[in-house]
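S.K.: Below is a structure I'd like to ask you about.
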Amino acid sequence: MTTTHPSGFAPAASPLAPTMIHTPDGAISAGITSIPSQGDDMPAYYARPKASDGALPVVIVVQEIFGVHEHIRDICRRLALEGYLAIAPELYFREGDPNDFADIPTLLSGLVAKVPDSQVLADLDHVASWASRNGGDAHRLMITGFCWGGRITWLYAAHNPQLKAAVAWYGKLVGDTSLNSPKHPVDIATDLNAPVLGLYSGQDTSIPQESVETMRQALRAANAKAEIVVYPDAGHAFNADYRPGYHEASAKDGWQRMLEWFAQYGGKKG
């Protein structure tokens, strides 16, 4: 389970930038819940509008490598203000706590690499089920994810046939396989169940443009309903307003595109 760091952010995310955004929660209900999943109780953060008429459209928010820290919680609050029930499950909770790692390389090797994709996808199924029992509309299920969660977002779009729409922010597209990660997004382009919007950056040294073009070609070959937008002046994690690489113009445009994607493909109110 993710513990609370004094700043509200994982230590490996330091240094923090002064551009970080905090969304007030006066118009929303937000907090921590526990979701039964595969014999365990998975912690999750949720946010929803206080005033709602019937079941809410659902957005599962998938964490960055840093876990469900303050930025991901704020993403949930922003989505709640847009009328969604947003849930961010702590998908590392069985393997460890990201707050125990002081830097990104040890966080990746000591925790993130130990989390099996199959476990994550099954956990997300339980999140969707929890949402449908707690004020969410099972027929309007969406997902978005950032960095590590961006890759998972692509995979989940190929995993869950009930998903209506997905938006993946700067998630890895190609790479070496392992027992825990047997496939990458490029491998499942033919299997997408829902329209996927990918938001990427031209200056991302961890996701080169060659891999983005490889994914585009795979999507075209599969005739998949998907779109990839590249922001030429932005780097990796351009939406992470708490980090020095935050690129405000790209982040704002990406956020608006995400909302429009959800509105277009997210399903009709029952």
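Placed from the backbone N, Cα and C atoms, the Cβ positions cover glycine too.
From Swiss-Prot, here are the annotated features:
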- C147: active site (ACT_SITE)
- D204: active site (ACT_SITE)
- H236: active site (ACT_SITE)
S.K.: What does the structure give for the C-alpha distance between C147 (active site) and H236 (active site)? Integer Å is fine.
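M.R.: Their Cα atoms are separated by 8 Å.
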S.K.: Reported as an integer number of Å, what is the Cα distance between D204 (active site) and H236 (active site)?
M.R.: 5
S.K.: Just how many other Cβ atoms lie inside 10 Å of the Cβ on C147 (active site)?
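M.R.: There are 23 of them.
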S.K.: Could you check the active-site residues D204, H236 and say which one's CB has the fewest neighbouring CB atoms inside 10 Å?
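M.R.: Result for the active-site residues D204, H236: minimum number of other Cβ atoms within 10 Å at H236.
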S.K.: Translate the DSSP assignment of C147 (active site) into the three-state scheme.
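M.R.: Assignment for C147 (active site) reads coil.
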